[in-house]
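Asks: Here it is, the structure in full.
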Amino acid sequence: MAGSNPNAKPMNLTLKVWRQPNRQAQGQIVEYHVKDISPDMSFLEMLDVLNEDLLHAGQDPVAFDHDCREGICGSCDLFINGRSHGPEKGTTTCQLHMRKFSDGDTITIEPWRANAFPVNKDLSVDRSAFDRIIQAGGYVSVNTGGAPDGNEIPIPKEIADRAFEAATCIGCGACVAACKNASAMLFVSAKVSQLALLPQGNVERKTRVENMVAQMDKEGFGACTNIGSCAAECPVGISLENIAILNREFLAAKATSNNLA
Amino acid sequence: MLLDSKIPEGPLAEKWDKHKFNVKLVNPANKRKYDVIVVGTGLAGGAAAASLAELGYNVKAFTYHDSPRRAHSIAAQGGINAAKNYQNDGDSVFRLFYDTIKGGDYRAREANVYRLAQVSVNIIDQCVAQGVPFAREYGGLLANRSFGGAQVSRTFYARGQTGQQLLLGAYSALSRQIAYGKVKMYTRSEMLDVVIVDGQARGIVTRNLVNGEIETHAAHAVVLATGGYGNVFYLSTNAKYCNVTAAWRAHKKGAFFANPCFTQIHPTCIPVSGDYQSKLTLMSESLRNDGRVWVPKTVEMAERVRKGQIKPQDIAEDDRDYFLERKYPAFGNLVPRDVASRNAKMMCDENRGVGSTGLAVYLDFSDIIKRTGAEAVSQKYGNLFDMYAKITDENPYEMPMRIYPAVHYTMGGLWVDYNLQTTVPGLYATGECNFSDHGANRLGASALMQGLADGYFVIPYTIGDYLANTPPKPVDTNHPAFAESKAYVQARTEQLLGIKGNRTPDEFHKALGHIMWEYCGMARTAEGLKHAKAEIQRLRKEFWSDVKVVGTGEEMNQALEKAGRVADFLELGELMVDDAYNRNESCGGHFREEYQTPEGEALRDDENYAYVAAWEYQGDNQPEKLNKEELVFENVKLTQRSYK
Amino acid sequence: MSWITKTLTSSIGRKIIMAVTGLFLCTFLVVHLIGNLQLFKHDQGAAFNTYSHFMGTNPIIRTIEWGLVLGFGFHIFEALVLTRRNKTARGAQGYVSNHSEQNSEWTSRNMGILGSIILIFLLVHLYNFFWRARFAGDLPKMGGADPLTSDYDNLYMAVVSSFHIWWYVLLYVAAQISLGYHLWHGFRSGFQTLGLNHRKYTPLIKYVGYVFAVVVSAGFASMPLYFFLFTNAQGEMAANAPAILQTVASAF
């Protein structure tokens, strides 16, 4: 079957892939060659080809995280040619297509690098630090049942839209991976902003930002130095404005909350 | 075995309220003495785990993902239905119930569907309270859009990412309970068996996907929320990890599997582009609100399009066939999914399909772009258009999208009674994992509704009824049944690793998917199904002698994971074929070519097939036993569905 | 730890200290630059020396001076702490291939290097002028007829002679280029860290920052260049100086 671009020629590529058997082991870059890669393939489909080749050759396939392959679950997490999710802006690895590469290219593929994201195996990393940050306060404390009617509190469309834009974070970790400081501020700020903007989040506004920032620091992420790599590499376009909101929320909470600890 | 659906007595509208009053309660102080296992943390599982923990139960939640936020619920684009009637357009609980029953082609249980419609309104309130940023009107109130199979606007949405926002809502509720210590979360843990002690579900066996450790976990009840099995077709809109393993192992331990052949083929997916294709991407059904579906009127014109001699935007209005609008003037492009899919297939069968493969129809936005401007269209569908452009390298603002049906959802699943309990006491199934609410076809924006209804508002009540009858004694994994299950799982892992054959799990999976799509897909025939059954049996045999997995079980081994899942699909596939063969009628997503009206619509046989086919496992390589739950319709009249 | 120390030692707290001290130091740069413009006055340094005498003796200025010391001290200390922390956050194994130039500005990523160059300059600069004026006391006196100013340090001549040493001028200019780049990022970064981000004003802050960076660094760099290129050992403008400079100087 032909693809959407019948004139596209198949490509041969050299891959330099980080291989590491498990968390404790030393890793290294290993070179592989893949042939007849269609430009219409997604990047992960190209890796599928590599893995099928490896398996046929009796070698261990490359472990990598992926799931929905439509850019929303946030599972895929490859550092491709020195960039989070590769060269295309606003794109997850699974939505990156091989037409962005050329025949004969050498592609370096590494896992996210951060102390807080240890490598499980090869290209798969442990991002549970993100979950723990959310557990520290990234929610509205409402139990199931007893919620007032959804239309009880009108929310200006503009506010709802801004909250939505912050809420679209997929938790992939590209921001941490791209940041020189391995800072998780963009991730944290997206959740803090979303809930700070909405009236529902207002009740726990102060404790939320205090606890989430404390957890972020505890996990060992770096501090933001406003470089902007995170927002530039974010596949869903979370804006740096959120980090300013986080800073502001943090400062205001620390200055005015009753929390002496 | 007699299937007791435990539908409460009384008028439809009062059943759930009465039932909630009649179920036994667990005293608040006793709740902490009960442990509940929830497998899967998507909408249904995440919501259930959070809500049960809020009530005071000790919950252990499991997911094979690295985080509960990644479940495939996240990919649902269009929206969630609720009978709020905010639009003043005549919606009501009964209308949502009626639309769902009718949309499901009268193969769903009335009482369940009515309850679903009732609690739908609470779901929206709950999600808003959690901080889910639904779309709003300028006045600050919630916005709605319309969806297939309904003539009212009742779908709540968050741009094209409704599933994501709802899942993150459930995830946040779950995270809160994890922080409180009421939920113990096990990530990257795949359930590989249910443990039955004295006829009751008492735990599970899991494999830690990072270090390969086989673990046993005990509880007073087990809730499966492990999603659907659409990946049996290999290519589907499901995420790559979606699988039937948890449900299938439960099935082998005594849970009946209901209506496995009821698969939904979604009409608007991006067509297959090559053999390497690993999955299909859905374009939300909401696009059919504004997009118009068409193919060239003549085969000759279609031929020229396929060869690239003429661009679709250059085809004159008169030379286009807007076949859905033509055939179904009342619903037009918004006919239910099964109808839209089948018609697209018919067009392609008539050789009027487009794209280089001829397996696509157009979804055209030029009218709405002309009417409201590209900016307004981008506001509504921006992310979907971007996604389409990324995948196909074509700009949908300039030329129509090419779409084709793809496997999307499975209405079938573990049989459950009104309490969502399977045929194994103490074992529950929620969300897409069960069969209960969608009959033979699910309406758009109803999956999110059902998952959350089950998780937030049904299981917290119904599981209490079971637990109240279970002594609050601590449970542990010392019973020999746990060791037995663990040994079974270990042996199977060893077996897969020991074959050392020549074909990869993916190759088997693709082969199975091909059989399923050809013979048990959009159109089925008795002959084709017979052929498919033999093919699957042959393939399964080959699998167990020729599959190739390297490495060990004591490490992260994704090929091993895949092999285990494919092995289960190979068994499920045969059951689906059996079920499709057994059902000598067409209904919803199940279209048997032998049974159609003169106009080519699905022809039901209510006399003989108004039942749920619940299959009972009889042992390896034994034919499964069919049990029937008769469907009784007291509140709707069974008619030939008409969307004309 | 009390809530205050906890706040100030958190990642955001430390960044806020960076921002506050950084923006404070920006105000110092403005004052310093305006004062130093008196070097260009054609009066053998009379105005400049009077100004520096005032700055060195006025009690209010001397008090603010301590603020400046603390400002620099905290800015540098927090920079060191944060750099260490941020290096650790990446982990032992860095990237084999990292193309951050494709997603961010060089200056933003190299504030530490830029700051270090500025720090080296600052030490030399302080030793040369501040230390000698305040503590060593080995600067020549102004002399002259006016009894009020005759025993003021002739800092002007110290400046002129320093600015005739080629490597000194080079260090100065290099440091000012670093300062320019440091401010290019630092100015707007300070506002961002303090949470002062608004879609109306942030673009404005950004461009004000760019102008600020260029004006301040060019202003400071112009002094050594002027003396080195266009004046004699007494600081008098050479005859070969471009006409424009003559015009500007006479306007002072």
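Glycine is no exception: its Cβ is also placed from the backbone N, Cα and C atoms.
As listed in TrEMBL for this protein:
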TRANSMEM  C:16-40  transmembrane segment
TRANSMEM  C:60-82  transmembrane segment
TRANSMEM  C:111-130  transmembrane segment
TRANSMEM  C:165-184  transmembrane segment
TRANSMEM  C:204-229  transmembrane segment
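Surface or core, plus neighbours and distances: that's what I need for these features.
Replies: Listed by sequence, the residues of this chain that lie at least six past the ends of the transmembrane segment (C:111-130) yet keep a Cβ under 8 A from its Cβ atoms are 72, 76, 79, 83, 155, 158-159, 162, 168, 171-172, 174-175, 178-179, 181-182, 185-186.
Within its own chain, the transmembrane segment (C:165-184) is flanked in space by residues 26, 29, 105-107, 110-111, 114-115, 117-118, 120-122, 124-125, 209-210, 212-214, 216-218, 220-221, 223-225, 228, which lie at least six positions past its ends and keep a Cβ under 8 Å from the stretch.
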Asks: Counting only pairs 6 or more apart in sequence, are there at least 3 Cβ pairs under 8 Å between the transmembrane segment (C:60-82) and the transmembrane segment (C:16-40)?
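Replies: Yes, the transmembrane segment (C:60-82) contacts the transmembrane segment (C:16-40).
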Asks: State the residues, same chain only, that lie 6 or more residues beyond the ends of the transmembrane segment (C:16-40) and have a CB under 8 A from a CB inside it; answer 'none' if no residue qualifies.
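Replies: Residues 8, 47-48, 51-52, 55, 67-68, 70-72, 74-75, 78-79, 82, 156, 159, 179, 183, 186-187, 189-191, 193-194, 212, 216, 219-220, 223, 226-227, 248-249, 252 contact the transmembrane segment (C:16-40) from elsewhere in the chain.
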